[in-house]
Amino acid sequence: MELEVPDEAESAEAGAVTAEAAWSAESGAAAGMTQKKAGLAEAPLVTGQPGPGHGKKLGHRGVDASGETTYKKTTSSTLKGAIQLGIGYTVGNLSSKPERDVLMQDFYVVESIFFPSEGSNLTPAHHFQDFRFKTYAPVAFRYFRELFGIRPDDYLYSLCNEPLIELSNPGASGSVFYVTSDDEFIIKTVMHKEAEFLQKLLPGYYMNLNQNPRTLLPKFYGLYCVQSGGKNIRVVVMNNVLPRVVKMHLKFDLKGSTYKRRASKKEKEKSLPTYKDLDFMQDMPEGLLLDSDTFGALVKTLQRDCLVLESFKIMDYSLLLGVHNIDQQERERQAEGAQSKADEKRPVAQKALYSTAMESIQGGAARGEAIETDDTMGGIPAVNGRGERLLLHIGIIDILQSYRFIKKLEHTWKALVHDGDTVSVHRPSFYAERFFKFMSSTVFRKSSSLKSSPSKKGRGALLAVKPLGPTAAFSASQIPSEREDVQYDLRGARSYPTLEDEGRPDLLPCTPPSFEEATTASIATTLSSTSLSIPERSPSDTSEQPRYRRRTQSSGQDGRPQEEPHAEDLQKITVQVEPVCGVGVVPKEEGAGVEVPPCGASAAASVEIDAASQASEPASQASDEEDAPSTDIYFPTDERSWVYSPLHYSARPASDGESDT
């Protein structure tokens, strides 16, 4: 394994994946560069004469003299060719190796292969400059692709068989984006710190996908590096959130922040601008209305994903939302006429599993409920405030931003000038809470008037909204929203009470612990469950008939063990209990058995309560109240512990000779 050449300073922040229509040769790249913000730094490139757009840079992305996009002074055509050559070799070589389980060391493996321009016995000849291609964690990423149903030949066909298409509206991150011709995958250039963070994230990402592959988080299919001319260009292959075959009428990048979260004037001049939080609140005050089942599944998925991101200390992520307006498209088709209908091609659905928005949030897979996604193209059915039918394509993006020192400084500086709770850069816990609250209460809302259609067998698992017809529409007053009565808590044990667990384990606990805390708790639980002789709870133990904690003192003058309440810091009451059956005291030491009188013995039980007022009431009055069950294990000072439950022992009638004391 060879050492990598250090990169030049990489200071540009990662931005949103803002994909729209297909890119068309150099003209698309030149047009995209003219729409950038006016304040971009200008620096001349090494080669070529200045031309239109020459010298404009955003991060490492620029334009050369011919108008072609460059990244780290490497032309886009050269980068695309190197990526396709490298992936074709590495994936093909890996497919010849036998499959095996993923090991811990597999997450840190880096394979490297040299591609000379004249070719070698392992690599083909090419007309690019010599380069070295590195593949990170090939075995681990092969497992991820298999988990999402992506076969090696399909992966190679999508990435290497057809030319990659550069997106003309890449956003403000300074990255270059490519999409495959079949709309399956997005290739994005990432910075050194982002690639390094993804490598550290892989073990936890592996655990996350194992527990729940249905997530709105990005699906990473590969991490690669092209090394040429002393430059390292790292790229990541991900799922495509916004398919090009579906026309997006609106596009939003939402974070739950309000500080400078409005699309700029230059952005709004684009053919498909990326709007932000304040734009959404202004243009869609009623939010996006979903039926009950869809809303519940979406909220549950968002809650789980936010807890995962918080546990990894990830922040500054966004929800990419693409809105396809069905009614608007039908009106556009009617205006254009039926002349183009005969030539229209029906779009092909994406092949990867869990890649669409509907598949990412579906919660009924365990019950076998599904719908056919041909009509929705994987979008989530919704209705806006005007009653227009929509299809939503959503995904969480830009998760490779950890809360590092520079982010802490950025938030501190912004908080001094503006309200600290409104800026987008924030600590991970607060960021997750604000993000989840904004999405579950402002962006998405539950509508009781939307009914679910009967389920069909297919790839999706949620129930779709019934078609309302091409001319059907509801007014905002006819579509009630249930936003005001329900508040959703990110860390609540059950934030959405109508959801069931579906037989799947939760991804993370309500309050995500650190790795050290989780390990310590696991060891402590194992030791306590294996070393303590604790009777199992019988089926007859219910909430109405629980077990209680009791403590015994040494025998009194009459030889009977005396039960007395012990002084504790907690508030307590003393309850007099007269059992009608015999109870045995089992001390911790083996062989030391003490017998309790069969009946009639007065016993004092110490029961902990929370209310301070009840602690001062008489014992006779407190004994009439319902006893509080004990849920923990108590170890008395005299090293005796026993559990009393009348249902655990056979009842024995009291003899006539026994009397109450």
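The backbone N, Cα and C atoms fix where each Cβ goes, and this holds for glycine too.
Here the candidates are Tyr178, Tyr275, Tyr488, Tyr634, and Swiss-Prot annotates Tyr634 as phosphotyrosine.
For the ranges 92-148, 605-661, the feature annotated in Swiss-Prot as region 'Disordered' maps to 605-661. For the residues Arg214, Arg367, Arg459, the entry in Swiss-Prot flags asymmetric dimethylarginine at a single position: Arg459. When pLDDT is averaged over the region 'Mediates interaction with TLN2' (636-661), the result is 47. Summary: among the modified residues (Lys265, Lys268), the fewest other C-beta atoms within 10 A of the C-beta are counted at Lys265.
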